[in-house]
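What follows is a single structure, written as structure tokens, with notes after it.
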Amino acid sequence: MAEMVAKGEAPDILFWVGCAGSFDERAQRITRDICKILQHVGMKYAILGTEESCTGDPAKRAGNEFLFQMQAMANIQVLDGYEIKSIVTACPHCFNTLKNEYPALGGHYTVIHHTQLIQQLIDEGKLKAEGGESFKGRRITYHDPCYLGRGNGIYEAPRKALESLDAQLVEMKRCRSNGLCCGAGGAQLFKEPENGDKDIHVERIEEALETQPEIVAAACPFCMTMLRDGVKAKEKEQEVQVLDIAEITARANGL
Amino acid sequence: MVSQLIFGILLLAALALVTRNARVIIRNIRMGRDEKRNDQPAKRLKTMLLVAFGQKKMFKRPFAALLHLFVYLGFCIINIEMLEIVIDGLFGTHRIFAGAGAFYAFLIGAFEWLAFSVLAGCVIFLARRNIARVRRFFGKEMTPWPRTDANLILVAEILLMVAFLTMNAADYKLQSLGAPHYTPGGSFPISSWLLPLLPDGAMALISIERFCWWFHIVGVLLFLNYLPYSKHLHILLAFPNTYFSNLKPQGRFTNMGKVTNEVKAMLDPSYTPEPSDASAHFGAKDVQDLTWKNLLEAYTCTECGRCTAVCPANITGKLLSPRKIMMDTRDRMVEVGENARKNNGFQDDGKALLGDYITREELWACTTCNACVEACPVNINPLEIIVEMRRYLVMEESGAPSSLNAMFGNVENNGAPWKYAQADRANWREG
């Protein structure tokens, strides 16, 4: 972003990478695929790079409102400093926080999730699912991230992205507004689960496996971690892949 | 004349008691913190009509929803009949509206069908609880009292409907016998099934008819006064509760203005904070720290357990149950309210909602996934209470699990929940 400003340019959109997308090795691949998509369609985008900081989401869900607001206000200063108007993010947690919780602290942006952007690009004919891997007829089940689905009512955009591939979309029993959490939300990803008789991600992956999918599609880096752990726990790594919608889209377009 | 007097006194006493109970409920709800929930009246009205009146969210479970709809419609519509019963009781008339002829016959016929559907619904509901033992009606918080409460309500409704239909049957038979005072009127599609069971003597029939009439009306008045002590209050509170629903996206958590003031002051020493409500602490430790809406929700909960049945933590055997959060909040609210009334203001009783009712282990098991909020047929939000209590634990007691404290430290120092150097944030580009 700083380089763009130095050149006197302004981006169409800011890509908010998020902590997982920046540091988690698996999520970094999603980040790079989103960049490939943005470049492929010729969108002018920027990242904040080292000026980006945690949105404060895990702090807020865990009850640390102080830390959340400190993070939020610092981020708002940076974003406003660059006169950012619209943001795309790969993480439903960042998405929810930036979109719904920053306005009360003075940060007003148009925020979309990358699955919404992908859907828009497909609708506009800019992404055609050509020239890459074919997903035609392959069984894909989509796991709704809580903060995209129930949290913000976005159920269709990720599904449209998959439907455009002619894939065979199979729904889990608990899907859309009834979707079962992967177990990572509410800062659970950063702590051990309380005592119980099962891990939530195992419960979820068992349900996903019932649909006999070739691919479990995710749209959240936290879900990605949990679902992959579940697939590993079930020793199904050879048969089932967990892929983000962005990765599937990039592959279908040969990016 | 004597019976009219007795009826009048009973009615007045029942209404007086209802008023007293209603005042207690309103006073208890008002112990909660202020919160604005009266913007966008049109949208609120629509939500109320869809969710409470139209029972939209009930239909996530179609079979239960259908049965509930029968009972609900029956119960609401048969209450129109109450108007006639009250007038008859006060003025010693009999079926005062019978003069409406065919329309009256249609109404009474419809009431009978509805009474039958209520009866059938309640019998199936009882069977689901006690024979099929549907899982969500059990669980740690479903101690003997809540389970008895549920059965009592169903049995009461069955008895009321049986009395209503038997009364009609006896009336019908008396009408056809040409008994004085029992002028022909109404139609009796269901209660006529009972005719063979009734005696033929007019005196016996009159006693049955009168007994059932009194049993029904006294039963209704008692039931009305049982509501405040029971989970059944939802039949009334579902309406205000859905009207005052949260209209913002479920993913959005409330902003704490008090914290904003302090953070602004920290970032800018010249900042003068806006005056805010000066409650002593951050987050919620006890019911007075919750909002009036949280407390209204606690009274509205009918313990159906749909929230708990979809809670990922509960499904996987953790202690957390969103229904228990609501039941605990209500129990503690009633206790605090009682205390405040007895002592002319709340006297510390050494207890609190947090710790004595809801444990830390329950609170930390929540994934904030909003499944409970989505599942609630009357738009109750247990998550808000959980988060308020987490806020208290973290900001007042520094009581977060150590791994979360480590995460806070990372966010504060490295700008990420993991221990990575901020300088490496854009390294993914080299992958």
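Each residue, glycine too, has its Cβ placed from N, Cα and C.
TrEMBL annotations: computationally assigned, not manually curated.
According to TrEMBL, the feature transmembrane segment maps to B:6-26 (among others). Under 8 Å from some Cβ of the transmembrane segment (B:6-26) lie the Cβ atoms of residues 86, 89-90, 217-218, 221-222, 224-225, 227-228, 233, 299, 337, 341, all in the same chain and six or more residues away from its ends.
Look at TrEMBL and you will find B:63-83 (among others) tagged as transmembrane segment.
The annotation transmembrane segment is assigned in TrEMBL to B:103-127 (among others).
Outside the transmembrane segment (B:148-170), and at least 6 residues removed from its termini, the chain residues within Cβ reach (under 8 Å) are 71, 74-75, 78, 81, 108, 111-112, 115-116, 118-119, 122-123, 125-126, 129-130, 137, 186, 188, 190-195, 197-198, 205-206, 208-209, 212-213, 215-216, 219-220, 223, 226, 230-232, 303. Annotation source TrEMBL lists transmembrane segment at B:148-170 (among others).
Marked as transmembrane segment by TrEMBL: B:182-199 (among others). Long-range neighbours of the transmembrane segment (B:182-199) within the same chain, counting only residues 6 or more positions beyond its ends whose Cβ lies under 8 Å from a Cβ of the stretch, are 94-95, 98-99, 101, 104-106, 108-109, 112-113, 115-116, 165-166, 168-176, 205, 208-209.
Taken from TrEMBL, the feature transmembrane segment covers B:211-229 (among others). Listed by sequence, the residues of this chain that lie at least six past the ends of the transmembrane segment (B:211-229) yet keep a Cβ under 8 A from its Cβ atoms are 7, 10-11, 14, 17-18, 21-22, 24-25, 82, 85-86, 89, 152, 156, 159-160, 163-164, 166-167, 170, 235-236.
What TrEMBL lists as domain '4Fe-4S ferredoxin-type' is B:292-322 (among others). Taken residue by residue, the domain '4Fe-4S ferredoxin-type' (B:292-322) breaks down under DSSP into 19 helix, 0 strand, 12 coil.
Residues of the same chain lying 6 or more positions beyond the ends of the domain '4Fe-4S ferredoxin-type' (B:355-386) and with a Cβ under 8 Å from any Cβ of it are 47, 51-52, 55, 57-58, 60, 234, 237-238, 241-242, 245-246, 250-251, 254, 284, 290-291, 294, 297, 300-302, 304, 306-313, 318-326, 328-329, 331-332, 393, 399, 401. The domain '4Fe-4S ferredoxin-type' annotation in TrEMBL covers B:355-386 (among others).
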